[in-house]
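According to TrEMBL, the active site annotation covers 195, 397. Positions annotated as domain 'Peptidase A1' by TrEMBL: 177-514. Taken from TrEMBL, the feature signal peptide covers 1-28.
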C-alpha cells in the first residue's frame, strides 16, 4: 500500500481556507452527482424545470401530442378481440401523458401560477375524497349507506325514467394522467384518465343528456357490435357495491357513491377495449354515461386500475402491472404495462398491504423518511394500518398529486428540510405549500436528499430533487411538495412518483419502485 501523500504546509492551509468558505448543503452551484450523494444532497436543475414550466403553457405541444396519438392509432385495431379469460395481459401496453396536455386544457391559463393553482385545487378535492373513502371503509360504512337522498327514487324508477348513468364527481377530484384507449367494435379511440383509486371503468355515451366537453366525439354504443348489457343475475352485477335491476329489461343498474356524497348511477354493460397496439380485450364490464357533469374535462372517461374485482387489471386477470409517470410539465409519453417486467437491480421493493375493509386502494408498508441522509424521528404509528379496521396506513395513488403525511410526520420533514437550506432565500407560501424559496436567477441548487424507507430492511427510495421541490410560477418560486393531513391515511402522490416505474404485484404482495425506468 502506498503511504499517504502529505501536502506542503502552504497547500494544507489553503485547503483549510477553502473548506471554511465551502457552500452549505443548499448552495447555488453544480456538483458532481457522486459528491452530492455522499453529502446527502440532490441537485435541482432550476433552469431546466423552469423551461418545462413555461413550455407547459404552449398550445403547440398539445396539438402535436393529439396528432401523434391519432397517427399511432391508425391500423392498430384490425385484430380479433380476445375473451377476458384468455387475455394474456403480458402484451398490454399503453402510452401515458399528463392531463394538462389534453387539447381542451391548453390555453385555459394565462400563467404557470394559474395552472399550478388549478392543479392544487383539483388535488385538494382528490386527496379529501380518497381519505374520506378510506376512513368510511375503516368505520364499516358501506357505499349502500352513502346513497344520495334521491337514489331510492332513481333505483325504483321504471326503465323509461332512467336515461343512463348520472355522474357527479367534481368533489372526487380528477385523474392527472391519461391515455388513448380503443372502445367498442370497431374501436373508437378515446382519451381515458387512468386511476389506481377507482374500480369502475366508464365512458361518456350517446345519447348524451348532459355531457362535459371532451376532445373526441362522444362514444355511441349503438355503433359498436360488441356492446352488451349486463344482466341482474350476472356475477359482475353482484360484484358491484350497490346494484339494482331495470324492471322492463332485467339489465343491471349500478351506483357508486363516494365519501363526499358524489355518485354515479346507471346501466352496466360489457364492451371491447383496445390498449395501444395490443390485441383487443373483449367482455370488459364498463359504465356508459349519458349524464355527466364536470368530472374530467377533455377526457372521455376513466380506466379503473384499483384492486377491486371490477377494475381493469382484475377483469383481465393481471396480477402484475406497472406505470411510469412523466413530468406533469412535459408533453412526452411514458407507459402503463400489464404483465411481468424484467427485474432491475435498482428496484426498491416494499410490502403491498391490503385493507381488510376495502380492496380498491394499494397500501404500502412505509417505515420512515430520511432527509439529508438522516432518519426523521417519526413514530411508526404515523404510517401503520390497523390490521382489524384498516384505519390509517399509506396509499400509493396515481390520481393524487402531492404526498399527504400525518401532521407530525410532515412537520418533522419540513423542519429538517428547512434546516438543510439556510442559504436559500425564503418566499411566501402558496396554496397548501408553506415552505417555499425564491430561486430566481439560479441555474441549479443543492438541497437535502429526501428518501422513503419501507419495511423489510431493503434499500430506501431516494427521490430526485424535482420530485419534491417544484416550481409554482414562471419566475423562480419553488415549494416543498408535501402537505400535512389530519386524516388517518397518508398518500404517496404522483409528483413524488414522477420518472419512477411503480409496479404492483398482487400475487407476491409487493410494490416496486424503479428510478429512471420510463
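Placed from the backbone N, Cα and C atoms, the Cβ positions cover glycine too.
In TrEMBL, annotation is done automatically, which means it is predicted and not curated.
When the Cα atoms are compared, residue 195 (active site) and residue 397 (active site) turn out to be 8 Å apart. Summarising the environment of residue 397 (active site), the number of other Cβ atoms within 10 Å of its Cβ, over all protein chains shown, is 25. There are 27 other Cβ atoms within 10 Å of the Cβ belonging to residue 195 (active site).
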